[in-house]
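Trainee: If you look up Swiss-Prot, you'll see 11-181 marked as domain 'FAD-binding PCMH-type', on the strength of sequence analysis. If you look up Swiss-Prot, you'll see Arg156, Glu323 marked as active site, on the strength of sequence analysis. Annotated active site, proton donor per Swiss-Prot: Ser227, in sequence order.
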Amino acid sequence: MKTKIFNTFSISVKAKKIISVYSEIELLQSWQKASAKDPVLFLGSGSNTLFLENYQGTIILNRIKGFHVKENNFFWNIHVCSGELWHNIVTICVNKGISGLENLSWIPGYTGAAPIQNIGAYGVEFKQVCSYVDFIFLETGEKVRLSSQECNFGYRKSIFNSSKKFFNYAIVAIGLKLKKKWKACLNYTDLSFLEKEYVSPKKIYNKIFYIRKEKIPNPVYFGNAGSFFKNPLISSKQAKKILKNYPKAPCFKQLNGNVKFSAGWIIEACGLKGYKLGKAAVYHKQASIIINTGSATGYEIAYLAKYIFCIVKKNFSIQLEPEVKFISKIGEIKASKIIS
């Protein structure tokens, strides 16, 4: 009997089998047993995943729990197991007076996914608070710890999703290092009006809740994965051409000379805000989000993403890259095979 897969896109898909694991040993044994005969996929909350069709294998849900804090005069050092919900960890820290994670609040998903894509929001990235990542090579059972520097973090990437070495592995814990000498990060436009003299981690946390509530639809009503595309990084030369025609386009200069543009703004500038294709649509409040308006299939969502990709490439000579992982019947596939 196949089991229904929960995913925030609300795509109706099933897997051959779904297993929840609560310890490293259980995770390793479950993978070794299942992988002997079927494809295996690790899944958190299904919040950044697009299932194109039913999955013909076993899904393992990592639910390994644990949260431990050590501190000194300068830092909070926190060890978090990968089966903890990321937002719950942020909430616990804010409520305990531990600062540094508040800009990363209300991000769905489990902690184990945070380092893979180097999650980021409102001016802060995971790499800025990461001390280490613990993972297991599943074929050998070897447990390894990488420092933050060894993880090779970049914009929405890390060694875990950009190196062929990391194929059969599972993240089991992360380390966070948070400065006690707190400085508010208010670089993001919607946070910039907060008064620095009176701002606190709790105020930032609460403000981000209202921002996200306004911009991101509730998956209960409209299935979605938040921002579907990464904000593109382009050369300064190409950026100048765009800014000549759109002088108010939101963009941010990077240390390496490139310029980051808002994917949502680019999509909206192409006239695609609110555009519908079957049961899939570009969200009318935030063009970077693709929603399931009812009973869309995974392929309908993907076809809309492909249409957006083509229009943006035609109008701006920019190739958008999905943040969302595409899952076929036997596992993850490159999004470029579907949308480009």
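Cβ coordinates are placed from backbone N, Cα and C, and glycine is handled just like the others.
Remember, it's a predicted structure, so these values are computed and weren't measured experimentally.
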Trainee: State the three-class DSSP label for Ser227 (active site, proton donor), counting H, G and I as helix, E and B as strand, and everything else as coil.
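Mentor: Going by the DSSP assignment, Ser227 (active site, proton donor) falls within a strand, counted as strand.
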Trainee: Using DSSP, would you call Glu323 (active site) helix, strand or coil?
Mentor: coil
Trainee: How many whole Å apart are the CA atoms of the residue listed as 'active site, proton donor' and Arg156 (active site)?
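Mentor: Each residue's Cα considered, the residue listed as 'active site, proton donor' and Arg156 (active site) end up 12 Å apart.
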Trainee: Using a 10 Å radius around each Cβ and all protein chains in view, which of these active-site residues has the most neighbours: Arg156, Ser227?
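Mentor: Counting Cβ neighbours within 10 Å, the top one is Ser227.
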Trainee: Enter the number of other CB atoms within 10 angstroms of the CB of Glu323 (active site).
Mentor: 19
Trainee: Measuring Cα to Cα, how many Å separate Arg156 (active site) from Glu323 (active site)?
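Mentor: The separation of the Cα atoms works out to 8 Å.
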